[in-house]
Amino acid sequence: MTSRHDSSRAANQAAGASPSSKSGLPRFLRFSLAAASGLLLSAALPPSPFGWLAWAAVIPLFWSVEGLTPAGAFRIGLCAGFVHYLTLLYWILFVLGHYGGLPPLLAVPPLVMLCLYLALYPALFSAGWRLVGDLPAAAFWGAGLWTVLELIRGWLLSGFPWCPLGVSQSQNLPLIQMADIAGTGGLSFLIVFINVALYRLLRHPRGALALQGGGVLLIGVFFLGAALAYGFVRVDRYAAPAARSEQDIEVALVQANIDQSLKWDAAYQARTLELYRTLTETASKEAARLIVWPETAAPFFFGPDQEDLSEHIRQTARDAGVPILFGSPAYERDEARTRYFNRAYLLSGEGSVVGSYDKVHLVPFGEYVPLKRLLFFIDRLVPAAGDFTQGPGPLPIRHRDLALGVLICFEAVFPNLARQQVQAGANLLVNITNDAWFGRSSAPYQHLAMSVFRAVENRTSLVRAANTGISAFVSPAGEVLESSPIFTEAVLVHRVPLAAAPGGTVYTRWGDGWIVVLGGMLLVRLAFAWRRRR
């Protein structure tokens, strides 16, 4: 006859429990706690107003892997990660189905595969935690492990740094100021550090271990307080001033709200340009010195192949007498092939092209197919999969006193691209995007929240023109000065400061180098912990 104790022990061993573990959590409860952690992580991210949940969101995951082997913790972490990314990225179903042309049954597997891939990072964190969680300075190593894995996620396989944990604090203006030193990774580190401290205190509420946990929590609270104090000083310096400055510029953002199903219809192109002309005329009356249209606002190849439509845009710039930045597809031919680009053009107030920028970081399976020889069948599955070419590099478009660091769509979620633009002399970051793909989901709000950090990291104003919203002005302090609702026509005009001394922040100069150093230290520590465990 099998006792209840024997059944519980067998269940824990099936979940990967260490033979020496004293934890008696049944397998179902472990996976439930992991799923709860995944839900809390998603609930803490924009557009949720509950960013404070992030400070405790990882605690159920710590509890769920208590006493497990690294292999067992990996499986539990995979569950937490899958639930998190499935609830965070649900809108991909809409993109693949509505615009990618996939029927529902074929749209689900790509989302599941993406979520399983992304879930590997919480899974690796959980496995690594079981190696360092009982060591001295466990809070430091645990927070470091999470932060290093976020950096890898933003780089590996072209990178997908969508909503790192630090973005949960995007509405906490004083706290996000530390991003000009440590980026979003610094915030993620601090959040996980406090999660570890709270978990240790809850796990051991009495005795010597409670004193240790309380001490670690006090250290976390000290650094949180220091970050807030630093933040209040920086907000006071970089928040939008009431008085005008010679470094200020009036910028107009044009949001035409073109339906994605009509955008590329040749019969609708003239109407599209007429709408932009009307909205631009409104913007020019507000004394704007720069007018920004969204990504691919010109739904054709701007230039001699479409001379009538192109002349319409040039005439709009001449009538306004103001430079216009707009997006358009472009191509270049040589003897070998034709290359296509996602391009931004800057027209002068006289209607001539004074500069352009080609998108550098393309969207996999949207703008290009990676490993195309291996994945030759993708074009048949997803007719909308593009064949664009990567641009030569992040370089500002210069015109008079303007040096525009353009970020096209998805590029705004990559800190390094904004850094490189500012390092090259950009004094204004300009994000042009078409978020119509996302529908009425959380994605446009998340996209804007991540863009906010590019302004803070580099202490450079960011202006954002989106076809269907959210268009916005972001101050160097990360304050959203003005924004538009989604799926409405809008013209926003606001005064923003140009960066007086581009490239001046610690983060602009060094980026995430501190995380790379931390990663090296962590590898050594994990190797020793693994060797000791064996």
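Cβ coordinates come from backbone N, Cα and C, glycine included.
Taken from TrEMBL, the feature region 'Disordered' applies to 1-24. Look at TrEMBL and you will find 28-46, 52-69, 76-99, 105-125, 137-156, 176-202, 209-233, 513-530 tagged as transmembrane segment. Summarising the annotation, TrEMBL assigns domain 'CN hydrolase' to 254-498.
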Counting Cβ pairs under 8 Å that sit 6 or more residues apart, are there three or more between the transmembrane segment (137-156) and the transmembrane segment (513-530)?
yes
Looking only at the recorded stretches 28-46, 105-125, 176-202, which one has the largest tally of CB-CB distances under 8 Å to the transmembrane segment (52-69)?
28-46
Compute the average pLDDT of the predicted model within the domain 'CN hydrolase' (254-498).
91
Between 76-99, 105-125, 513-530, who has the most Cβ pairs under 8 Å to the transmembrane segment (176-202)?
513-530
Spatial neighbours of the transmembrane segment (76-99) far in sequence, C-beta under 8 Å, 6+ residues away:
15-16, 30-31, 34-35, 37-39, 41-42, 45, 61, 64-65, 68, 106-108, 110-112, 114-116, 118-127, 162-163, 260, 382, 384, 437-439, 441-443
